[in-house]
Amino acid sequence: MEVGIIGATGYSGLELIRLLKNHPQVTNIMLYSSSQSGETINRLYPHLQNEQWKPLKEIDLNKISAEIDVMFLATPPGVSAEWSGPLLEAGLSVIDLSGDLRLTDRGVYEKWYKRPSAKEGLIEQAIYGLSEWNKSTIKTAKLIANPGCFPTAALLALIPLIQAGAIERDSIVIDAKSGTSGAGKSPTSMTHFSETNENFKIYQVASHKHTPEIEQQLAKWGAQPPLSFQPHLAPMVRGIMATIYAKAAKPLSNEWLTDCYNSAYENAPFVRIKENGTFPATKHVFGSNYCDIGFCYDERTGRVIVASVIDNLMKGAAGQAVQNFNLMHGFDETAGLEAVPMYP
């Protein structure tokens, strides 16, 4: 299968290149860029220099259906809203890694993203690509809205508990930490080395745009928004840890929680449940498509505490996009994603 990437020079795009280059079902990768057409990716990024790459191309909708079968959009907000429709009309399947198509309410999107939403009809076509919970609809989709990094970590931890009626659905607090690559490649004072090294900081207090995405998806499972979600920036490049607190809806035990999570993810190759009261760390999933989940029932407070870790560029972006690509086209779900985490 021949695939294309728009936004190949960003961090998520580069991760897509790494994964798709080793995918057993991918025969060709075309890289597209309007700002850097004519450049070669291995000149821009020397870690790719041993591979032979065609120059970055401008998109020509009259030719694109003859060049590729699937397009990955690893682009900033607004680009997918413009390009997804024409790409679908050209006969391609589209996997969008941006937030343009995740929110079904246009007013909510415009409030949180501070920009116009996608055209009417496009959002309705998009399937939310949380691989472990939307497999049946992903398998028949032509357009995937790949989940955000924070929502992926939070949703995988919370859906089993909400589904089982284990927590008070209006008591959820999500306290999340992310590495600097989650902010993208463009340098800012927020991610400057001098600002992040030996530093730990809160940001976008009560205003992060992943908040309505988490609320929208949890509402489908019976949760009652609003919830509290707060991200922090950690002095590391990759990784997310979401520590989640919720009031138990009934007396629980760690044994019950273990059974709940093991049952929910029995057939999920990329979700690993910690045993015997152990908890995950971001290093445990570094460079992989895994989500590791640990948990505890605090009898003293009557709260459930859950820790969920992912690599934000993998399970939080490119890895889950490739997982959805596999599901859409009937490939083994793990194809191209079998690499074990890098450690230390």
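Including glycine, each Cβ sits where the backbone N, Cα and C put it.
Features reported for this protein in Swiss-Prot:
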ACT_SITE  Cys149  active site
Field: Chain-internal residues, separated by at least six, CB under 8 A from the residue listed as 'active site'
entry: Ser178, Gly182, His210, Ile240, Ile310, Asn312, Gly316, Ala317
Query: Which state, by DSSP, holds the residue listed as 'active site': helix, strand or coil?
result: helix
